[in-house]
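J.: After the structure tokens below, expect a handful of questions from me.
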Amino acid sequence: MGRPWSQGEQGACSWLRAPLCASLPTMAPGRPCAAGLARFCQKLKRRKLLADSSMATSLQRCLSALDLTLLGVGSMVGSGLYVLTGVVAKEVTGPAVTVSFVVAAVASLMAALCYAEFGARVPRTGSAYLFTYVSMGELWAFLIGWNLVLEYVIASAAVARAWSGYLDAMFDHRIQNFTEAHLGVWQVPFLARSPDWLAAGIILLASAFVSCGARVSSWLNHTLSAVSMIVILFIVVLGFILARPSNWGEAEGGFAPFGFSGVMSGTATCFYAFVGFDVIAASSEEARDPKRAVPLAIALSLGLAATAYILVSAVLTLMIPWHSLNPNSALADAFYQRGYSWAGYLVATGSICAMTTVQLSGLFCLPRIIYAMAADGLFFEMFAYVHPRTQVPLLGILAFGALTAVVTLLLDLDALVQFLSIGTLLAYTFVAISVLVLRFQTASQSRSPSLAGSGPKAKEYSSFSDHLELVGAGHGPEPGRLRPALRPYLGFLDRGSPGAAVRGAVCGLVVSAIALGCVLMLGHSVLRLPLWGFLLLLLCSSVTFLLSLLVLGAHQQQRLKDTFQMPLVPLIPALSIVLNFCLMLKLSYLTWVRFTIWLLIGLLVYFGYGIWHSKENWREPPGLVTARYVAFSDGRVEETVRDPGQAPAQGPGSP
């Protein structure tokens, strides 16, 4: 017999016990309650419930589709345009950087459609964190939220590094030379060549502006965005005038000197250019008509940004040979080399305006994510504090502004960009999976067997993703059920528990997508598979992927009226998942090591704090009643309550 439990262990066990545990026979002393362990596992996958209307908010819904579009363009067009084009063109792809931007834009479009659907259906702040919380569960949501924190920190740091580089170029690199002469040069592979004190100071200054309130940040954003758009138009026009098609010829190494592998590696890094469209989803709570404005703004902003990136990258590699580019200030230096120094100064000025806009947007959204997690209890409560006068999460701005300044001071631009890309790709992947889960989730997974009383047949819903169906579904087909026309042929898929075939297909799709990406990206270079082994693994993973896709396609989807839903589901989310995994595998191993360390730190935070302080702990405390939404076939929606320990009501004729 084991030792007696201490008082702390008994308290922990009593907290873990589910209401079901009270109805079980008393277990022997010293043995933990099995229901407590089950309750603990349930906590990891519990979903966020939003009892209020999805349009109800304490924020002001004042943003139009045009406002959101400009916000997205301003967030995407910054250091990616002025710096990333030069870095990728010189070191990864050559002139084929234009192809990398095209592929990255297409992959981003598939992810953007997923964001557009969620932004229209769940118009709340939190972006991918909230989308994952209401569809996949708390643990995954926390990891995505933690990942978003990393994304915004790295984005702001990368922009600050690029900002510093362009300002240094305007003064003939005197700032960098002064720093290296007086502070020395670092020879550490994980760190930058030298500390960038100017970039760190820029982060602190931008954080001070953001802490002054939304009006100050908005006014500054609009002013700088206007200057940036004028400069981009100037670059494209003058650049094509100065273009030399011979710079793409064989004499300079050809159009794609690094081959297909270089193009794909460049695509993985170029994802950094399009990370800004999730700002639109994060701002959907302030949109006047999110069902229309969010999808339209995401599509327009992504299209405009992609056009700008493709044209500017083409102009850059046509003006001067790709191997002559200065990766720190490519566009400005290109005009210097062609003898247009005055144009170089103009470009440097525009780049500083654009990068300041992106930096302000990133530092503006970062505390919103922190605030959303803290408000849900998954992060430290002090970060949910909102300053009464400026109405901004002040502690989040100050703390993470300081963290961003430290990251900016130590890491170089290339490491920051790759680190950002892996975080963005992972967020895209989870949002795509969330779309599949939400579209094919069966209502019967969360409803009681039947409800007492006569009258119309009723269904009971307990998750917010099911409640979304009540808001606009009408009398469409029941999601997650086999299509009627296919039941005579595929009826065996419905023999298990409701939704079992869909859950298996989603899991099979994700696993086969990972296997397919590993075979395609690592089969020859890393795994060094023989030809027969490569073809066998490729065939197995492809067949599993296609079968999972066909099983999902054979089931009915959730259909909403007057709300944007992305087309070609499950095909587009599935392709997005595969492409995201392939691009993640093209990033360096050091990026994966850093990312893994960040996730491990996040797990420590979640299991040490988040799981114990989650607001979802208060939803169904032992002894209290639980709210449920009940939808009747005649269109009525009612809210009922039930004691957690009470068995569901039985209808007439039930045993």
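Quick reminder: no glycine exception, Cβ is built from N, Cα and C everywhere.
Any TrEMBL annotation is an automated prediction that lacks curation.
Pulled these from TrEMBL:
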DOMAIN    564-614  domain 'Cationic amino acid transporter C-terminal'
TRANSMEM  65-84  transmembrane segment
TRANSMEM  96-116  transmembrane segment
TRANSMEM  197-216  transmembrane segment
TRANSMEM  223-243  transmembrane segment
TRANSMEM  255-281  transmembrane segment
TRANSMEM  342-371  transmembrane segment
TRANSMEM  392-411  transmembrane segment
TRANSMEM  417-438  transmembrane segment
TRANSMEM  500-523  transmembrane segment
TRANSMEM  529-554  transmembrane segment
TRANSMEM  566-589  transmembrane segment
TRANSMEM  595-612  transmembrane segment
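Quick one: how deep are these features, and who are their neighbours?
T.: Sequence-remote contacts of a segment are chain residues at least 6 beyond its ends whose Cβ falls under 8 Å from one of its Cβ atoms, and for the transmembrane segment (96-116) they are 85, 88-89, 127-128, 131, 255-258, 262-264, 266-267, 269-271, 273-274, 277-278, 280-281, 294-295, 298-299, 302, 306, 309-310, 313-314, 317, 428, 431-432, 434-435, 564, 566-567, 572-573, 575-576, 579-580, 583.
Sequence-distant contacts of the transmembrane segment (197-216) (same chain, six or more residues past either end, CB-CB distance under 8 Å): 156-157, 160-161, 163-164, 167-168, 175, 179, 356, 359-360, 363-364, 367, 387, 389-392, 394, 397-398, 401-402, 404-406, 408-409.
Same-chain neighbours of the transmembrane segment (342-371): 71, 74-79, 81-83, 125-127, 129, 145, 148-149, 152-153, 155-156, 159-160, 162-163, 166-167, 169-170, 202-203, 206-207, 209-210, 214, 217, 220-221, 224-225, 227-228, 230-232, 234-235, 238, 276, 279, 282, 329, 331-336, 379, 383-384, 386, 392-393, 396-397, 400-401, 404, counting only residues six or more beyond its ends whose CB sits under 8 Å from a CB of the stretch.
Long-range contacts of the transmembrane segment (566-589) within the same chain: residues 107, 110-111, 113-114, 116-117, 264-265, 267-269, 271, 418, 421-422, 425-426, 428-429, 432-433, 435-436, 439-440, 509-510, 513-514, 516-518, 520-522, 545, 548-549, 552-553, 557, each at least 6 residues beyond the stretch ends and with a Cβ under 8 Å from a Cβ of the stretch.
Sequence-distant neighbours of the transmembrane segment (595-612) (same chain, 6+ residues past either end, Cβ-Cβ under 8 Å): 43-44, 138-139, 142-143, 146-147, 150, 373, 377-380, 419, 422-423.
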J.: Using a cut-off of under 8 Å between C-beta atoms, tell me which stretch among 65-84, 223-243, 500-523, 529-554 contacts the transmembrane segment (255-281) the most.
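T.: The listed stretch sharing the most Cβ pairs with the transmembrane segment (255-281) is 65-84.
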J.: Go through 65-84, 223-243, 529-554 and flag the stretch with the largest number of C-beta pairs under 8 Å relative to the transmembrane segment (500-523).
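T.: Result: 529-554.
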J.: Taking every residue in the domain 'Cationic amino acid transporter C-terminal' (564-614), what is their average pLDDT?
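T.: Here the predicted model's pLDDT, averaged over the domain 'Cationic amino acid transporter C-terminal' (564-614), is 86.
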